[in-house]
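Q: Following this message is one structure expressed as structure tokens.
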Amino acid sequence: MQIDNMLLGNNKHMEMETVKANPGEVRGDYVLKIVRSVTNLTAHILIGATVGICVWFGFRNGLPLSATSIHIVLCVIGYQLLMAEAILCLSPDNSWTASYRVIDKKRAHWILQIVGSALAITGSFIKFANKTSHWNSLHGKFALVALVFTCMSLVNGLSSLYSHELRSVIPGNISKISHICFGSIAFAAASTSLCCGFNKHSFTSWATSPLAYTATAFTTIFTFIVIVSPLINFVKKIRR
């Protein structure tokens, strides 16, 4: 009995020494968590502001909306709102999914991804049908890249979702790595296309150049915040 008490006391003493020996590490983890939470909140604010400006611009002439206005509203909501939130919701520091189980986070990701992709693809094809010449500008070229990789990400996402069941055919790590890659490229291309759109005369004449520059800066910042975590996971999975 005395031996057991001595061992228990020694274990507690060692645990206390371990905690005391690494106060900097504990503090560092706490600071990192705060930074990640703040950047996540910043991304939500910038996404809301940017999408709000774009939707306001789309409705500037009232109803009914023109084909271009429908294109703007659907693509911005699809790409910059829903698909951005689909990526952010997987983060452990994301505000509205912090208490979700992992399986619920994945469900939220898929719902947002599918709805966002559907809106973005629909908005893109509405614009394609309304024009006679296509992809003759940087805005259009990056929009095409975003569209192609969005479709690839959707298809590839099925193999990633059922990676366990398909592991005998497709290695699970490969399907997940490619899904991260396709999704990140699609979102980055969509944001680049949006920034090119901010430089169009139709937008700058309505919003003024300073607001166009501000919207471009907002988009650049939140795009980096959104894709940095998937890119880190991408590197980690490649190194395994």
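Heads up, the Cβ atoms here are built off N, Cα and C, so glycines get one too.
Okay, these came from TrEMBL:
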TRANSMEM  41-59  transmembrane segment
DOMAIN    41-235  domain 'Cytochrome b561'
TRANSMEM  65-90  transmembrane segment
TRANSMEM  110-130  transmembrane segment
TRANSMEM  142-162  transmembrane segment
TRANSMEM  174-191  transmembrane segment
TRANSMEM  211-235  transmembrane segment
Q: Do any residues, 6 or more residues outside the transmembrane segment (211-235), come within under 8 Å Cβ-to-Cβ of it, and if so which ones?
A: 39-40, 42-43, 46-47, 49-50, 53-54, 80, 84, 87-88, 90-91, 177, 180-181, 183-184, 187-188, 191, 194-195, 198-199, 203-204
Q: Please work out which recorded stretch in 41-59, 110-130, 174-191 has the most C-beta pairs separated by under 8 angstroms from the transmembrane segment (65-90)?
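A: The stretch I would name here is 110-130.
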Q: In the same chain, which residue numbers or ranges, 6 or more beyond the ends of the transmembrane segment (174-191), come under 8 angstroms Cβ to Cβ?
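A: Non-local partners: 75, 79-80, 83-84, 87, 113, 120, 142-143, 145-146, 149-150, 152-153, 156-157, 159-160, 163, 166, 219-220, 223, 226-227, 230-231, 233-234, 237-238.
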Q: Restricting to the domain 'Cytochrome b561' (41-235), report the mean pLDDT as a whole number.
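A: Mean pLDDT across the domain 'Cytochrome b561' (41-235) comes out at 89.
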